[in-house]
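A.B. asks: One structure, as structure tokens, below. Some questions next.
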Amino acid sequence: MKKTALALLALLVSSASLAATPWQKITHPVPGSAQSIGGFSNGCIVGADTLPVQSEHYQVMRTDQRRYFGHPDLVMFIQRLSTQVSNLGFGTVLIGDMGMPAGGRFNGGHASHQTGLDVDIFLQLPKTRWTQAQLLRPQAIDLVSRDGKHVVPSLWKPEISSLIKLAAEDNDVTRIFVNPAIKQQLCLDAGTDRDWLRKVRPWFQHRAHMHVRLRCPADSLECEDQPLPPPGDGCGAELQSWFEPPEPGTTKPEKKTPPPLPPSCQALLDEHVL
């Protein structure tokens, strides 16, 4: 009985944590000129574009989740990158989550992806296009060793390094988040051409995909950009600190209460949902 009660409690907690946010009730982009509003982890978007799900250069995964919306700059970046990759003969780019029709907070899985300027891209480039069944239930390839200290040599391919480099060299890209072990391998692969590495930032998880973030568009006056990454290639002490064990007594930070929405985002919710 106790086990059953605990199981039911866990299910209720899980269900509550995955309850739909108000943003998920907005099923179509909000009309208007494209405006990314607020910060990447606390914002929204007006006038989002829909990424076409049919393309000869890329494929969109989990279309049933309807997370293929973003600022026109993001849509153009995806089209630009995937065309470059295709022209080089690397394979098909696999597109994961972008944002919801009006951006905003997800019910789980992402803290950012709220202003239409973020996209997840799988770090695999299949030569054969995936079936619809594969796209709906994609199988990620974990490129990082079990101990988290390096990539798996048999899984790492030069095309993956080139994919990340191509994305980082795009003028609209401000950051790319990957696992520290992947960043470490990129540092080893880069040779003397290293300027692009500054944009590639180590982050938790991200073992099978890269998270690409664009800068705020010039005409999105309420968009909040992050500071630029520190100068340099980021391959030194900062990167190595990710592989050091936590200091004794270190505890996980408590989950923070989400900050208030930017006024324009709250007004958008008030008009379209609440």
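Just so you know, glycine gets a Cβ as well, placed from its N, Cα and C.
Residues or ranges marked as Zn(2+) 1 binding site in Swiss-Prot: HIS110, HIS113, ASP120, HIS211. Sequence annotations record features per position, and here Swiss-Prot assigns Zn(2+) 2 binding site to ASP147, HIS150. Here Swiss-Prot flags CYS44-CYS265, CYS187-CYS235, CYS216-CYS223 as disulfide bond, drawing on sequence analysis. Per Swiss-Prot, region 'Disordered' is recorded for 225-274. Residues annotated as signal peptide in Swiss-Prot, with sequence analysis given as evidence: 1-19.
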A.B. asks: For a three-state summary based on DSSP, what are the helix, strand and coil counts in the region 'Disordered' (225-274)?
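C.D. replies: Going through the region 'Disordered' (225-274) residue by residue, I get 17 helix, 0 strand, 33 coil.
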A.B. asks: Using CYS235 (disulfide bond) as the reference point, find which of the binding-site residues HIS110, HIS113, ASP120, HIS150 has the shortest Cα-to-Cα distance to it.
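C.D. replies: Minimum Cα distance from CYS235 (disulfide bond) across HIS110, HIS113, ASP120, HIS150 lands on HIS150.
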A.B. asks: Taking Cα atoms as reference points, rank the recorded positions CYS44, HIS113, CYS187 by distance from HIS150 (Zn(2+) 2 binding site) and give the first.
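C.D. replies: Spatially nearest to HIS150 (Zn(2+) 2 binding site) by Cα position is CYS187.
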A.B. asks: Which has the fewest other Cβ atoms within 10 Å: ASP120, ASP147, the binding-site residues listed?
C.D. replies: ASP147
A.B. asks: What is the one among the binding-site residues HIS113, HIS150, HIS211 whose Cβ has the most other Cβ atoms less than or equal to 10 Å away?
C.D. replies: HIS113
A.B. asks: Could you find out if DSSP has CYS187 (disulfide bond) as helix, strand or coil?
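C.D. replies: Helix, per DSSP.
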A.B. asks: Report, in whole Å, the straight Cα-to-Cα distance of CYS44 (disulfide bond) from CYS216 (disulfide bond).
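C.D. replies: A Cα-Cα distance of 12 Å.
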A.B. asks: Between HIS110 (Zn(2+) 1 binding site) and CYS44 (disulfide bond), what C-alpha distance do you get in Å?
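C.D. replies: Here the two Cα atoms lie 14 Å apart.
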